[in-house]
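To start, the structure itself, in structure tokens.
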């Protein structure tokens, strides 16, 4: 195992990590923002709030799925090894990935009318889940009036201009402006030097190899994606898509659909999205369904690997440097600015989810959304809230 640096987090064994991670592959419904909230609750006794917020900010700036990279980063951070990150990923992703592969092999032309009603109900119930995530994450990210200002501006701008380029621009503005606003910027360490672990050479070597490997792979697969041979074209396009998506989530969908349009119909793609929306775990698991649909089990496994590979490269490449320099006030100011902006994105997501949910109806979506908020406030687990929302919508809308 290649060791990672640590500072304030508690060290865990792989067995302890597995015990904490095991339920996540079955209960993480509601999309990336809800995943972050569940992850925060599961690991609140093992990592500090500041460290979790900084990791959240860091993963928001990297190519790949944010929630999955958070899982990998927390696993690697707490076990001080990249193997811990891999174990955490497998617990988080594999349960729904296995189900999606089976569905891709058995029901490629799925057409069941009531499934869309269930999915719409899941979506309506997710309103409450994301509101809860916004409340809890904002408590940790907003530490002063300037952070509150960044949070509000980020939410307003991304609500009216919901594009990946604007999101990246807001992240850059948040980082720079909070850096400038911090009147005490200096190179002093906020974390005592004696608390740093002494495996710096190995960690730096890991980061260097990961970043070089990512750069070479990106250039290679960029050119290979133009080769008209199915296995190479599919794997290369999925790697390229995973490399170009910042933050993951729904923005990845049109990119996947466009890149695989030669091998899938529009109906097949949106059936895949309908199914992955019902599942716990990352939305990027749509890749294993599409791979199974295109080329059976071998293609399903390759599609899953190449979809997630950029996220592994980037988080393992950046994490050692973050662990070394996160104690500097300069770095802390930059990450706190990004965190405030990133939480603003959650408010924007809530607005767009409500607008999308109410595009054809109003009473049922808002009713389910309010009910999900009340259920979460009373401590009802997220999976029961999401599934309950689906069945309520099915019972009220099915004709």
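Each Cβ is built from the backbone N, Cα and C atoms, and glycine gets one as well.
Note: TrEMBL annotation is automatic and uncurated.
What TrEMBL records for this protein:
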TRANSMEM  20-39  transmembrane segment
TRANSMEM  86-107  transmembrane segment
TRANSMEM  113-135  transmembrane segment
TRANSMEM  147-176  transmembrane segment
TRANSMEM  211-229  transmembrane segment
TRANSMEM  241-260  transmembrane segment
TRANSMEM  272-294  transmembrane segment
TRANSMEM  301-322  transmembrane segment
TRANSMEM  334-355  transmembrane segment
TRANSMEM  362-392  transmembrane segment
Intrachain neighbours beyond the transmembrane segment (211-229), with Cβ under 8 angstroms and 6 or more residues off its ends: 235-237, 239-240, 243, 259, 306, 309-310, 313-314, 317-318
Segment-segment contact (the transmembrane segment (301-322); the transmembrane segment (334-355)) at 3 or more Cβ pairs under 8 Å: no
Intrachain residues whose Cβ lies under 8 Å of the transmembrane segment (20-39), provided they are six or more past its termini: 12, 46, 56, 65-67, 70-71, 74-75, 87-88, 91-96, 122, 125-126, 129-130, 132-134, 136-137, 247-250, 279-283, 346, 349, 381-383, 386-387
Intrachain residues whose Cβ lies under 8 Å of the transmembrane segment (334-355), provided they are six or more past its termini: 33, 53-54, 56-58, 60-61, 123, 126-127, 130-131, 133-134, 137-138, 140-143, 147-148, 150-155, 158-159, 162, 167, 170-171, 173-179, 247, 326, 365-366, 369
